[in-house]
């Protein structure tokens, strides 16, 4: 499978910069500290790497230089761009608006970390659109995937299919674009599902589920022309989190109305009444942190925002709350270990830390510090060992959190991904 890197570019009238790129590659032998030594850029800093450490590389690279002379990225390398003086001059937006808690803009595939920085404030001030680029690590070839114009943008959510071949791009104008990232081809645009921005996306094979600012959740079958096959109605404010269970039978949603819903895939309807299996109202702030447990299929962890700060654990069969843990700060994201009974939580004010918990005792095992603003996004590497975190401080950090991956058989290791809807023709 082609190795790809997706870039997020912040385009200004002054000096466009690459914001972030990470290449995990396909080698299981390289370590995170085997990074290239001579960066194409400046402002380079390094720090140690350990179970509670981080390895980082910061760069400022002009886009025109990068597109014509892309650096040879190696395993787990981060490119980062600090805002220059031209950006600082535009700080007319309130600080709390700079890292929108509700937007889902951070994703990981087999060999790819994609970090899309929300630049809505610069689009408003500079009247600019969003551009998404793909970078092929095997050939060092960079290509523009799509530029969203001011009228339709900015990009408010992005999510990869399970095989990492197709990308869904949610927009501020209520539309969702689907892109084939192997051929850099626009497959289709989904319309009519929402009335405002699409802030959450989740794939379930050929079903793309979208969550909007209008509170609606829509299931789209991307194989058919009339894509909308069902809706879930229950949230009264923006849907800011969506996660399908591993089986694909249950969907968890979190909203700005402080509510968590559990939905059954088979109950989605174009004429909804009371559809949810369970409705949880225990949180007292917005819920965007959702994580299905990999070792107990019915277990869901949820985290509340500012004013709540709790991690709640739910039995989604019975609807019972199994435990509630006060963390002391906003819970922005949650990740389960794939090999251990551990949970990682990402937080906001005051410490902006990542916290590692032992489940089910919820004994605090470690705190990972370094971010200076709330940690909005986390994603795991394919082996589950490395976690990447992105924060409002505009840094992407890589952590060796969960230890060695579980042993896999040759049969399992040789398993190849197939495109979820490869057997049907794409519809533009």
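Every residue gets a Cβ built from N, Cα and C, even glycine.
Taken from Swiss-Prot, the feature repeat 'WD 1' covers 106-145. Marked as repeat 'WD 2' by Swiss-Prot: 150-189. The repeat 'WD 3' feature in Swiss-Prot is assigned to 193-230. What Swiss-Prot records for 234-273 is repeat 'WD 4'. Annotation comment: Swiss-Prot describes 282-324 as repeat 'WD 5'. Under the heading repeat 'WD 6', Swiss-Prot lists 326-367. The repeat 'WD 7' annotation in Swiss-Prot covers 370-409.
Sequence-distant neighbours of the repeat 'WD 4' (234-273) (same chain, 6+ residues past either end, Cβ-Cβ under 8 Å): 101-104, 199-205, 207, 209, 211-217, 219, 228, 279-281, 283-292, 294, 297, 300, 302, 304, 308, 314, 316, 319. Counting same-chain residues at least six beyond the ends of the repeat 'WD 6' (326-367), those with a Cβ under 8 angstroms from any Cβ of the stretch are 51-52, 101, 285, 288-295, 301-306, 308-311, 313, 373-380, 383-384, 387, 389, 391, 393, 399, 401-406. With a cut-off of 8 Å between Cβ atoms, the residues of this chain six or more beyond the repeat 'WD 5' (282-324) that come close are 101-102, 104, 240-247, 250, 252-260, 262, 330-338, 341, 343, 345-346, 348-349, 357, 360, 362. Taking H, G and I as helix, E and B as strand and the rest as coil, DSSP gives the repeat 'WD 4' (234-273) the counts 3 helix, 18 strand, 19 coil. Secondary structure of the repeat 'WD 6' (326-367) per DSSP (helix as H, G, I; strand as E, B; remaining residues coil): 0 helix, 23 strand, 19 coil.
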